[in-house]
Amino acid sequence: MTLIYILGMLLVAAGAYVAGRQKSSSFAVAGGGLARLHSLPSYHGFYVALAAVAPMLVWLIFWLLTAHRVVDAQAIAALPANLAPTDGLTYGARLREINQAAAGVRLEELQPGIAAAGEALNTWRTIADWALLIVGAALALLGFAWASRQLSPEFRARNGVERWVKVLLVACACVAILTTVGIVFSVLFETLRFFSKVPWYEFLFGTQWSPQTAIRADQVGSSGAFGAVPLFAGTTLIMLIAMLVAGPVGLFSAIYMAEYASPRVRSIAKPVLEVLAGVPTVVFGFFAALTVAPFIRSTGEYFGFNVASESALAAGLVMGVMIIPFVSSLSDDVINAVPQSLRDGSYGMGATKSETIKRVVLPAALPGIVSAFMLAISRAVGETMIVVMAAGLAGNLTFNPLEAVTTVTVQIKTLLVGDQEFDSAKTLSAFALGFVLFFFTLALNFIALRIVQRYREQYD
Amino acid sequence: METTTAVAPKPVVAPPPVATQPDAAPKIIARDVNVHYGDKHALKNVTLDIPEKAVMAFIGPSGCGKSTFLRCINRMNDTVASAKVSGLIQIDDQDIYDPSLDVVQLRARVGMVFQKPNPFPKSIYENVAYGPRIHGLSRNKAELDQIVEDSLKKASLWNEVKDRLNDTGTGLSGGQQQRLCIARAIAVSPEIILMDEPCSALDPIATARVEELIEEIRRNYTIVIVTHSMQQAARVSQRVAFFHLGVLVETGRTEQIFQSPHDKRTQDYITGRFG
């Protein structure tokens, strides 16, 4: 039904457009040419079409949000008193039964009340569908009539369309913002539930991570310890190693591509480097676990170090390679955006190429380079697969890169995989970790923004 | 505005005192200079002497090669991949296209001011200190401060910016920015200053300030200026070279070029018949 409605909307839009255009063209014919009109006929058409479609769209959204609730409520109301649900759980169960009855599925012998309610459901569904169509058509007609009456040679349809465009853009921006807010709140509520089971100070400052809770009452040795400090430490360690690789390598290759490479080399090297960004992280994980980690282990043992077979170093190095393209590609773009006149000014003073880059180009490109780094760090912090495969699951509190560590994202993944009650502290702690991760990246972005504002060298 | 009266344009034919020592040894000599940009022959067989401690103006219609020739003098054309320069250019009898010559050293001797003011996005102080820093011209902070102050004074910008040396250079007005660029060029004590239409992005008042400045500093520097404005050429220069379609048509003392040009094309251009 919604599909038909949307098709109808398109038809209404096309029809209204043609009608508006026609009417406006008739002004032009009667009044001596297009020049007499304030707006071109096509703007009149757009204006009328928007006025007809916009209320239809609003009604559709409203209908989608409310109609099914009304229909369900009516179906439940049709149940006899002895079957009426008493709490949320039975409400859902009854609704499923009614839905099955309505769809004609006969798994078992139905209670007569349910069958009746199923019929009621079907009736109300039909009513709701017709309400959608009829009200929608009425709204479209009203909008069309309202806009159509306004049309005249002097009518400023062009400015009117401009306002509609603005509304559209604002609406799109709102979708993005509201989604983010929604995500934050959905995580926030679960986090609060977790903190009602485990005190927040224990979570934030505890140094023991052992998220085993008892599933059955008679299990032993699984009291659970939710001190997340080892996870934060592991995340920070791996992020630092990754940035030590990706920062210099990415930035320097960006400088090479932007300043030194000939256009031909650049046109080949840049896409090749960007291929790195397209490699699935699982493949990087193989590489880390099967090639890099054993190599580090054997090299370390040759020099007499005790290296774990899964080490933070292996995961960090490979992750660093993975995020090189994020640093290099963005930095390359911002370095290219620095005006040539600044370089000329510096060369004209007798500066060499590297002096010019160091003293003029990079400071001018700093804001963009910092945001490239921020993006890379966000990727490193959020990356899961490589760490799962190469760094392990052991929640060691250490800053020794040769030991196995674990990160926040890896633990979130581990906590949510497998059989668990959804309201156990173990599962809920995943949300708390996610929330902390979210705040960590937010804080990082905030700090970077401040740094950039403070030190930016703005060119016009 | 009041300021305009102070800097009223000088009469077109005022004979500048330092101007005319035609027999003094030239600072820059160019012989048969040709420049190609890819297939385009931008400059054809230019032979020209540029005298020391005077202002020489290059005039001519757009695309005539005057900027191209200017950029040959400090080898800024090196940064354009497709440009190919042939012929001989000497500064103080030294071939500047000699492979053994250090371009970086050359550009420290031959400063440049560009068409659009291009201060670095740094503080006013750092803009002027840029050259001395990279060339190691000062031993300590006090010396550097002195160089910055002197350069800004020579560029007659000191009084306007002395209280805000740490403000960013891009925050100045267009005319101040251009004088800052001149101060930046002066700070490395060059012998020659090349100016590529330095006033084309400025309003008349700012233009007058820059012209005054050129008049003041020409005693100490050899200045070559490209300009589209014939009035400006007449006001600031002692010698003029007229370019047309990549060819150097005529050169001579400013008053001679403007009063009795030998070539018909020069005559037509300065009387406004084309260009």
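Each residue, glycine too, has its Cβ placed from N, Cα and C.
Automated prediction, rather than curation, is the source of TrEMBL annotations.
TrEMBL lists A:232-448 with the feature domain 'ABC transmembrane type-1'. Residues annotated as transmembrane segment in TrEMBL: A:44-65, A:130-147, A:167-189, A:231-255, A:275-296, A:303-327, A:360-378, A:430-452.
Taking every listed stretch (A:44-65, A:130-147, A:167-189, A:231-255, A:360-378) in turn, the largest tally of C-beta pairs under 8 A with the transmembrane segment (A:430-452) is reached by A:360-378. Listed by sequence, the residues of this chain that lie at least six past the ends of the transmembrane segment (A:360-378) yet keep a Cβ under 8 A from its Cβ atoms are 239, 242-243, 246-247, 250-251, 255, 259, 323, 326-327, 329-331, 333-335, 337-338, 342-343, 345-346, 351, 441, 444-445, 448, 451-452, 455-457, 459. By number of Cβ pairs under 8 Å, the transmembrane segment (A:44-65) is matched best by A:130-147 from the list A:130-147, A:231-255, A:275-296, A:303-327. Below 8 angstroms of C-beta separation, residues 209, 269, 273, 312-313, 315-317, 319-332, 335, 357, 362, 369, 372-373, 376-377, 380-381, 387, 391, 395-399, 401, 405-409, 411, 433, 436 of the same chain, each at least six residues beyond the ends of the transmembrane segment (A:231-255), sit close to that stretch.
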